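For reference, the structure discussed in these notes is given below.
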Amino acid sequence: MAQQKKILRALAGETLETPPIWMMRQAGRYLPEYRATRAEAGDFLSLCYNSELACEVTLQPIRRYGFDASILFADILLVPQALGADLWFVTGEGPRLSTITDKAGFDALKPADAIHEHLAPIYETVRMLSRELPKETTLIGFAGAPWTVATYMIAGRGTPDQGPAHALKDGNREVFEALLKRITDATILYLSEQIKAGAEVVKIFDSWAGSLKGDDFINYAVKPAAQITAALKALHPDTPIIAFPRGAGERYIGLHEAIGADCIALDDGVTAEWAAANVQTGGCVQGNLKSSHMVTGGDDLVRETRKIVDAFKNGPHIFNLGHGITPDADPENVQLMIDTVRGL
Ligand code: CP3
């Protein structure tokens with residue numbers, strides 16, 4: 001029965017003796033088998049759009065480690081591409097996109113409901129995964145949050161302070177808000193289709209939420225996420241939603257209710273003790289071991305892992321990192337983290 005899956009039990013509010021565990025970017029360059037499949041695909045985007053190979057890399061960390069969840073292999077920047085933006089990845093540097101700086105740039109985008117043809121291979125990957133995953137493994141779909149996706153669409157690349165996106169927001173609010181709405185509408189359609197294809201949980205990644213201050217955090221991080229959850233809950237009331245407003249700090253308080261999410265994912269900027277007292281009171285939390293422990297390992301990894309398990313033990317908790325695992329991580333440290341969480 002679906003509800004027996006540990007991740008779904010935690011998301012339903014159950015306190016489990018051993019928290020279920022998965023890891024952001026668990027299919028990635030720290031794994032030799034990922035690097036081999038990526039080389040076979042040619043490049044990162046070709047891998048994302050090749051359902052068979054995307055399914056293969058999604059399954060690799062499940063075979064190696066037996067994580068409780070697998071996350072669809074794709075990228076948050078496929079939605080801008082489906083809306084008509086050019087997208088490419090520069091090796092060693094990251095993503096590049098055509099930029100949107102004015103009304104003409106916004107007007108050139110496709111309507112939200114035109115995304116499905118472009119994203120059909122992603123839905124096919126989800127269908128393949130729901131057939132091939134072990135029956136105890138939960139399949140998580142995802143999308144970027146509107147603000148984070150907009151920061152890339154406006155600047156055309158990752159930026160340390162999201163300066164160009166703040167400049168458009170403060171300089172041309174009408175175009176900025178129209179862009180956010182277009183991304184919000186597309187994200188609802190995209191996640192809904194992932195759920196129809198077999199995603200059992202969806203996660204909204206707002207990696208740059210922390211750079212929104214004051215009312216901007218409410219208007220451009222909380223409200224769009226709340227619109228997405230409300231729309232998805234109306235269509236798919238039984239599908240749990242994880243929200244990850246990274247860098248929220250003290251503003252993590254009250255977000256389960258404000259966003260309407262079943263789980264709030266925590267970055268490593270807050271301590272587990274603080275989050276247990278202030279955030280887990282609102283529902284399930286996910287997180288929040290520093291990714292750097294996957295590079296350095298040893299006693300520190302074991303101690304910090306136990307500290308997090310212990311801090312969250314009186315409420316619903318999914319163990320995870322505070323951000324994605326990095327390419328320089330040692331696969332053996334991942335095993336050590338899992339064994340520590342499972343008390344092996
Ligand atoms: O977690 C997972 O394993 C699922 C797949 C996934 C990827 N990206 C694969 C990926 C998910 C959920 C993402 C989300 C994503 N992508 C975010 C939000 C989460 C976060 O990390 O903050 C963002 C901001 C992006 C955009 C993006 N994609 C950047 C900035 C980069 C380059 C940085 C880097 O690590 O190289 C990517 C590339 C990317 N996305 C890789 C992977 C496995 C590395 C690509 C490669 O193989 O070279």
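Numbering starts at 1 and runs along the chain as displayed.
Note: Cβ is positioned from N, Cα and C throughout, glycine not excepted.
Look at TrEMBL and you will find Arg25, Gln26, Ala27, Gly28, Arg29, Asp75, Tyr152, Ser207, His323 tagged as substrate binding site. Positions annotated as domain 'Uroporphyrinogen decarboxylase (URO-D)' by TrEMBL: 20-29, 140-156. The feature site 'Transition state stabilizer' is assigned by TrEMBL to Asp75.
Among the binding-site residues Arg25, Arg29, Tyr152, residues whose Cβ is positioned under 6 Å from ligand 1 are identified as Arg25, Arg29. Long-range contacts of the domain 'Uroporphyrinogen decarboxylase (URO-D)' (20-29) within its own chain (CB-CB distance under 8 A, at least 6 residues past either end) are made by residues 6-7, 9-10, 35, 38, 57-58, 60-61, 65, 67-71, 73, 138, 140, 318-321, 323-325, 327, 334, 337-338, 341-342. Cβ-based crowding with a 10 Å cutoff singles out His323 as the top-ranked of the recorded positions Arg29, Asp75, His323. Across Arg25, Gln26, Ala27, Gly28, Arg29, Asp75, Tyr152, Ser207, His323, which the record gives as binding substrate, the greatest C-alpha separation is 23 Å.
Local packing around the Cβ, expressed as the count of other Cβ atoms within 10 angstroms, is greatest for Tyr152 among the binding-site residues Arg25, Ala27, Tyr152. Between the CA atoms of Asp75 (site 'Transition state stabilizer') and Arg25 (substrate binding site) there is a gap of 10 Å, rounded to the nearest whole number. DSSP assigns Arg29 (substrate binding site) to coil, not to a helix or a strand.
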